[in-house]
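**Q** One structure coming up, written as structure tokens, with questions to follow.
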Amino acid sequence: MAATQAGRELVGLFPPGTTQDATGGLVLGGVPVAELAETYGTPALVVDEASIRARARRYADGLAARWPNSRVTFASKAFPCTAVNRLLAEEGLGIDVAGGGELALALASGADPAGLVVHGNAKTEEELRLAVDAGAGTIVVDNFDDIDKLEKILTDPMSEQGVLVRVTPDIRPNTHEAVSTGQNGSKFGLLLPQAREAIARLRGSDRLRLDGVHVHVGSQILDLEPFAQAVEAVAELGEFSVYDLGGGLGSRYTYADRPPTVEAYLDAMIDVAKRLLPADARILIEPGRSMVAESGVSLYRVVSVKRGGGHTFVAVDGGMGDNLEVSLYQQRFEAAIATRPTGEGELCRLVGRHCESGDTLSAGVPLEDPRVGDLIAVPVTGAYTYALSNNYNGARRPPVVFVRDGAHRAVVRRETYADLMRRNLP
Ligand SMILES: *Cc1c(COP(=O)(O)O)cnc(C)c1O
């Protein structure tokens, strides 16, 4: 099959290392998509293991080269399963968790508790107790209630728990309102005057060890200014031994998206850090989306093709049950017929199987002669799709399949109908 420019661009959105077989079909991690669909069924979330590992190394090496006393911590909410946590822990990353569930997943994956960073704007006393008992290295204080609860839990004055104070720097990045977190009016963190108050209180505590400050201004951020501004804001609070600069770098979902490279992103922050932060401080960053998004591909089967009123609806066997990014944040995705990804053809509305008109995977995507039974591949679904998957319309949440060097293995199995019934009491 002669590759066209459109076809090459489309394949370029799939995980690095994706190739095509003799007939043009996509080959993910050395495994043809048709084989994956046959083995695991659809919908399925396929993850290219080598590309996540490469991404983790690029982040870790890039940060260490610019600021040696540093660590990359994976924001596990972007893909909360033990296999992904384990893989990133193996690469030497710390793990961010919010709440007891993510804490349990991180511990089950074998991650070192000392490298856990515990977040959340509404941590219950029970969750804080779990974190303290597990030996979580860092707890990020979001509010004064966190301090009260921790001082109650830590009865032994010798048991110094490391904490950071989450700062709201009043920065409004250009991203969807639902994933902007650093502005005045955000439910997260403390504005500078309140942050100063919390810092003073923590400095006087005999059980909590104030290590430093934390800032995270939002997600899917495609420009660099907010990251640089965030470092400037935390620098104003004074000198600490740790500065956690959060996550938020955007991913390339569509041809039009031009996110900064990891290196440009690190330069933007570390240039400011070199000017304003103490040279011996430790810097943490917490990428989630940009660590995993590009490594994931969702596979679906076409169930129906319907034409009328100037539209062609291509309906697949998944949708908002396995990808809520579209309905929650109006995230745009491209898509391909996996066995002939030409990037050309009829402009179609790629829709899901759920009972809402908002259940659209892509409002307008060119597909070449789509037919019932065709395999559809949606690239860049590695972040927040698994996390937000649900049982709407009785959907069984899809399996997660790792591919690498021509081999494949399920790391999360598909839900069964029995799973759907499991919590329903007679
Ligand atoms: C969500 C979150 C992140 C990761 O954000 P991404 O946009 O996925 O990189 C990092 N830190 C905190 C505190 C978060 O809540």
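Using N, Cα and C of the backbone, Cβ positions are placed for all residues, glycine too.
A TrEMBL annotation is a machine prediction, not a hand-curated record.
Relevant sequence annotations retrieved from TrEMBL are reproduced here:
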type: DOMAIN; residues: 50-293; note: domain 'Orn/DAP/Arg decarboxylase 2 N-terminal'
type: MOD_RES; residues: Lys77; note: N6-(pyridoxal phosphate)lysine
type: BINDING; residues: Gly248, Glu286, Pro287, Gly288, Arg289, Tyr384; note: pyridoxal 5'-phosphate binding site
type: BINDING; residues: Arg289, Tyr329, Glu356, Tyr384; note: substrate binding site
**Q** Looking at the binding-site residues Glu286, Glu356, which sits with the largest number of other Cβ atoms within 10 Å of its Cβ?
**A** Glu286
**Q** Return the residues near Tyr384 (pyridoxal 5'-phosphate binding site) by Cβ distance under 8 Å, restricted to its own chain and a separation of at least 6 in sequence.
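**A** Lys77, Ala78, Phe79, Gly288, Arg289, Leu324, Glu325 - these are the non-local Cβ neighbours of Tyr384 (pyridoxal 5'-phosphate binding site), listed in sequence order.
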**Q** Let me check the 10 A CB neighbour count of Gly248 (pyridoxal 5'-phosphate binding site). How many other CB atoms are there?
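**A** Cβ-Cβ neighbours of Gly248 (pyridoxal 5'-phosphate binding site) within 10 Å number 29.
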**Q** Counting every protein chain present, what is the number of Cβ atoms, excluding its own, within 10 Å of the Cβ of Lys77 (N6-(pyridoxal phosphate)lysine)?
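**A** If we count other Cβ atoms within 10 Å of Lys77 (N6-(pyridoxal phosphate)lysine), we arrive at 20.
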**Q** What same-chain residues, at least 6 away in sequence, bring their CB to under 8 Å of the CB of Tyr329 (substrate binding site)?
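**A** Expected: His176, Ala178, Val179, Gln220.
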**Q** Could you measure between Gly248 (pyridoxal 5'-phosphate binding site) and Glu356 (substrate binding site) for me? Cα positions, answer in whole angstrom.
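**A** Rounded to the nearest whole number, the Cα-Cα distance is 30 Å.
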**Q** Sequence gap of 6 or more, C-beta under 8 Å: which same-chain residues meet both conditions with respect to Pro287 (pyridoxal 5'-phosphate binding site)?
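**A** Residues satisfying the criterion: Tyr59, Val72, Phe74, Ala75, Gly247, Gly248, Leu249.
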**Q** Under 6 Å from ligand 1 by Cβ, which binding-site residues from Glu286, Arg289, Tyr329?
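**A** Near the molecule: Glu286, Arg289.
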**Q** Under DSSP, is the residue listed as 'N6-(pyridoxal phosphate)lysine' part of a helix or a strand, or is it coil?
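**A** DSSP call for the residue listed as 'N6-(pyridoxal phosphate)lysine': helix.
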**Q** For Arg289 (pyridoxal 5'-phosphate binding site), what is the secondary structure state per DSSP, taken as helix, strand or coil?
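**A** Where Arg289 (pyridoxal 5'-phosphate binding site) sits, the three-state DSSP reduction gives helix.
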**Q** Starting from the Cβ of Gly288 (pyridoxal 5'-phosphate binding site), draw a 10 Å sphere and report how many other Cβ atoms land inside it.
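**A** So the number of other Cβ atoms within 10 Å of Gly288 (pyridoxal 5'-phosphate binding site) is 25.
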